[in-house]
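J.: Please see the structure below; I have some questions.
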Amino acid sequence: MQAARGTSVDSENGSTDHRRTVLTSRRGWSLFAAVAAVLYAADQVSKHLAVEHLTGRDDVHVVGDLLQLHLTRNPGAAFSLGTSFTVVLSCLAITATVVVLVVSRKVADRVWAVGLGAILAGITGNLTDRMLRDPSPFRGHVIDFLQLPNWPIFNIADISINVGAAVILLQVVRGIRMDGTRHDEDAAPDAASDDEAGDADDAEQDV
């Protein structure tokens with residue numbers, strides 16, 4: 001009877017933990033989707049405004065020479081890298097988008113959700129330009145318009161990718177997985193088991 005009750009309690013606890021995990025995962029994915037949507041919209045709207053208001057104009061000094069608006073069309077990757085591989089970059093961006101979407105299904109940690117959402121927004125923001133802007137699909141030029149001293153011209157999508165990568169790197173360094181658990185939590189039960197085994201051996205020797 002006690003064994004049966006124990007099994008029942010364990011089963012109930014397992015079901016409760018599963019429900020909590022599902023709810024947490026849903027909230028994590030919702031946050032991921034919200035971050036991606038907001039940053040993607042900000043990127044696309046800012047590019048539309050840049051094309052509409054900066055075409056044919058001189059540089060606009062927003063904060064003196066520290067931050068200027070200078071419209072340019074970039075056939076390469078973030079910060080004007082890889083300008084000769086537009087088609088390859090487009091294919092890589094599509095692949096990266098699929099990978100992020102698949103991985104995001106497991107996200108339950110809020111910080112991971114923000115990081116992945118920012119990366120997805122950045123990838124798809126620039127990918128949209130490559131697919132829809134001139135000269136042709138897969139060869140479209142990305143709209144860049146933010147300029148800092150001694151730095152390549154960039155856009156909000158570029159910022160999103162780099163911030164998202166930094167956030168994820170931070171979580172990796174902290175040892176926090178996408179589901180919110182820590183790597184050191186796995187070591188704790190193992191250490192406890194070793195201690196219990198050692199105590200049992202000592203008890204047998206005493207007997």
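The backbone N, Cα and C atoms fix where each Cβ goes, and this holds for glycine too.
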J.: For the region 'Disordered' entry in TrEMBL, name the matching range from 58-82, 183-207.
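T.: It is 183-207 that TrEMBL describes as region 'Disordered'.
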J.: Among the residue ranges 39-56, 111-128, I'd like the one that TrEMBL describes as transmembrane segment.
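T.: Per TrEMBL, the stretch marked transmembrane segment is 111-128.
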J.: Give the distance between the Cα atoms of D158 (active site) and D144 (active site), rounded to the nearest whole Å.
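T.: Approximately 9 Å lies between the Cα of D158 (active site) and that of D144 (active site).
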J.: What does DSSP say about D144 (active site): helix, strand or coil?
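T.: Going by the DSSP assignment, D144 (active site) falls within a strand, counted as strand.
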J.: Short question: which residues 6 or more past the ends of the transmembrane segment (153-173) have a Cβ under 8 Å from it?
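T.: Distal contacts: 39, 42-43, 46-47, 70, 72, 74, 78-80, 109, 111-112, 114-123, 125-126, 142-147.
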